[in-house]
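The N-acetylalanine annotation in Swiss-Prot covers ALA2, and the record cites a large-scale study or a structure entry as its basis. Under the heading phosphoserine, Swiss-Prot lists SER49. Sequence annotations record features per position, and here Swiss-Prot assigns N6-acetyllysine to LYS180 based on a large-scale study or a structure entry.
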Amino acid sequence: MAAPAPGLISVFSSSQELGAALAQLVAQRAACCLAGARARFALGLSGGSLVSMLARELPAAVAPAGPASLARWTLGFCDERLVPFDHAESTYGLYRTHLLSRLPIPESQVITINPELPVEEAAEDYAKKLRQAFQGDSIPVFDLLILGVGPDGHTCSLFPDHPLLQEREKIVAPISDSPKPPPQRVTLTLPVLNAARTVIFVATGEGKAAVLKRILEDQEENPLPAALVQPHTGKLCWFLDEAAARLLTVPFEKHSTL
């Protein structure tokens, strides 16, 4: 079977340079969207190491645009663990503490799960909130989704060989058997990921090198979840550091301030 197009691959000499470039891209994408006909910017964030990276770089990158621009941002989360917001595993909780305290997006435009609901109801509730925020879209269309990828090839809470990879109707799905703790989560589904205008995968460190080679170069009969993210009309980009990219033989753009 033919391999899908890997998208634009950018490799940075360090995770610090990657983070700075990512923040600038978010700021530029926001400015472009806010200047357009819709005059809003919809951003979907993932957790993990992205929290500290964006917390370090994004406030300064978007500061020149001023708080009036942030008032037109809509922020959602690509997946979430079903834990209280003050729990160390809460993606929203970590962003609230480390980023949103310095990025004054109106609270009404930050779309979160209700962690007090059972996981199935939490997924339905989050889907309802997304549909309200994206009125006019048959499926929520994010201007920019920032995704991570696990050493096993998972992205969001979409894990290898899991039935959720076949989900085509729901925009948000519950998962109660995550192979990575905590087991109960809520995740965007592939139809939403592939409807986005721009998707950026971010991966750093040698621990990601082998799986990135599989995703970006191998022609697998049973593709890993991250390889199934192929935006229908949007752009797909990969931001990697040198350690994560060390096994790649496909063409990529090398970025360095040296």
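Each residue, glycine too, has its Cβ placed from N, Cα and C.
Of the recorded residues, the residue listed as 'N6-acetyllysine' and the residue listed as 'phosphoserine' place their C-alpha atoms 16 Å from one another. SER49 (phosphoserine): 15 other CB atoms within 10 A of its CB, across all protein chains. Secondary structure from DSSP puts SER49 (phosphoserine) in coil. Cβ contacts within 10 Å of LYS180 (N6-acetyllysine), excluding its own Cβ and spanning all protein chains shown: 12.
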